[in-house]
Amino acid sequence: MNNDIADSRRIVVKVGSNVLTRSDGKPNVTNLSSLVDQIAALRGLGHEVILVSSGAVACGRGVLKPQRQLDAVAQRQLYSSIGQIRLINLYNSLFSEYGYVVGQVLTQKENFGSRESYLNQRACMQTMLENGVIPIVNENDTASLTELMFTDNDELSGLIAAMMGADVLIILSNVDGIYDGSPSDPASRLIEKVAAGTDLSSCVVSSKSGFGRGGMGTKCGIARKLSEEGVTVYIARGDRADVLVDLICRPQTVPHTEFEACPQTVSNIKRWIAHSGSFAKGVIRVDDKAASILRSDKAVSLLPVGAVSADGDWEEGDIVTLLTEAGETIGYGRAAVSGADAKKMAGRRGGRPLVHYDYLFIE
């Protein structure tokens, strides 16, 4: 990825529900209009922009009162179906003033689990960008199964950034970034830069926004993984004037947290695998020696001799999770053999790799 942020070609912007909605659940047209102005400015500077926008459920919540008590899933589907139309119509109207065409992309978590679906979705969005269309992405809440819903749109934005080979992901939230304590504590300080691979779990306060599902823990996890893949990630306050343009052109002028991109990039297939842990069909446990070698800088595959056990029913090409004997996650890989064969091969010398290096992502 390009380390000169001002020259970044492709930018993914994720905006949260708290930025786009007022306290009464109605759209915050002022913030939404400002967001569009800034994205138009970035386009004018030559950047491609993909917008991952929350706010559909929140927009729909203020429109209609259900005639009977609904469970959480039914409420989400109802409000999303109402709110998504209002939200996309607002975006379409505002972007059209600049002469830009927007395209709606409603996706589901399972679309990222199959390599075929993943590539099809990527090709569609690539065609949109090549034709000057601004993709506006959101989860398809009306069709998503509860157990397969994204944790929040932070997770979705990370998947989109990885899939589309973005240079930068900007997560707009209701705080200035990551603090070394609670943001409400005056003694807490904003963490301005985070080196790739840094663990911030000890500093993150797990709190969620008023209308969204996500918290800072999710944002940190996504940002850390992307930075290791060569993507620069910013977390900043979304209602700050000109925050997007300032982050790209003069970042020193705006409070934020930057997760610095690792200079080494990873292949497209490894990016897909890195974000496919929730789709894993099985588990391969490896011994300590194999774990150490896999975590080194060497380009090595997982050989049968390093495997202690294999659990699960998977086919060749499915995603599997790699664990230490103690149960710690090492990474994920695309299996080179079926689960049945892996169980027979575990611990043996010789034979084909269980997971080839080209299809292996180590955390």
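All positions are counted from 1 along the displayed chain.
Keep in mind that glycine also has a Cβ here, set from the backbone N, Cα and C atoms.
Listed in TrEMBL for this protein:
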- Lys14: ATP binding site (BINDING)
- Ser54, Asp141, Asn153: substrate binding site (BINDING)
- 282-355: domain 'PUA' (DOMAIN)
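Classification of Asn153 (substrate binding site) by DSSP places it within a helix.
Counting every protein chain shown, 26 other Cβ atoms lie within 10 Å of the Cβ of Asn153 (substrate binding site). Secondary structure from DSSP puts Lys14 (ATP binding site) in a beta strand. Residues Ser54, Asp141, Asn153, recorded as contacting substrate, have a largest CA-CA distance of 11 Å.
Assigned with DSSP, the residues of the domain 'PUA' (282-355) fall into helix, strand and coil as follows: 17 helix, 26 strand, 31 coil. Asp141 (substrate binding site) carries neither a helix nor a strand DSSP state and counts as coil. Looking at Lys14, Ser54, Asp141, the binding-site residues in this record, the fewest other C-beta atoms within 10 angstroms of the C-beta turn up around Asp141.
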